[in-house]
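See below for the structure under consideration.
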Amino acid sequence: MLIIPAIDIKEGKCVRLTRGDFAQKKIYLDNPCDMAVIWRKQNAKMIHVVDLDAALTGETVNFERIREIVNVLDIPIQVGGGIRSVEAVEKYLDIGVSRVVIGSAAVTNPGLIADLLKKYRPSQIVVGIDAEHGVPKIKGWTESSNMQDYELAGEMKKLGVERIIYTDITRDGMLQGVGYETTKRFAEKAGMKVTASGGATTSDDLHKLRSLEKYGVDSVIIGKALYECNFPCQELWYAYEQGLGIDGEFSTARKKECCS
């Protein structure tokens, strides 16, 4: 089970949202690149980056921030958020992004997926399905699609997509545990490789997800739980942050009993 730390960028800063609500935004670091370095020091094997501004506007607002992350790390970076054209995909892949995540466009313009898979490998183009009670949400989670999550996955599979990043919106950023049954249901019906996202909060959640490997769930994206130091043995993280001179009020710079 591959653990993939998440970095969400809004107005150039590293933030986390609660259930995708832009009004419930918490800033963790002014420079997302510093966050990426911290993840790598914690032995991350891949980083998941989302341009939240682009998710709303469709414009690659935080492109330079993402370029900085790619340039400073030696591991694969996957990027999502408002990527709705071949040109946008090319722009990211040209700077060294390993994998591009297509979200809203998979619903509104499935032909884009077909075009991309004619040009790029399936490992470079993945589809993100962000669902609320089984219904995919698009355009920064502000609109609903007219199909079920597994139906969208089926259409993508026909086009040659091999992996879905599946986010349970009801769990995202809530620190209330992973949506095990929801993820299991989706993975069983999709019959594809699945990266789970949304709600993973404790090691128990990771064990639950690992039990879904037989259904294709082989990785998980974790955001707020890591930022809030919910997992044991994050003492190394704390020590490294002090070396960067990061403000002690930054949540993950607080020692917790689990780290002592």
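Placed from the backbone N, Cα and C atoms, the Cβ positions cover glycine too.
Of all Cβ atoms in the shown protein chains, 26 besides its own fall within 10 Å of the Cβ of Asp8 (active site, proton acceptor). Look at Asp8 (active site, proton acceptor): DSSP puts it in a strand. The active site, proton acceptor annotation in Swiss-Prot covers Asp8.
Among the features that Swiss-Prot reports, active site, proton donor is placed at Asp130, with the record citing sequence analysis.
Note: the CA-CA distance between Asp8 (active site, proton acceptor) and Asp130 (active site, proton donor) rounds to 15 Å.
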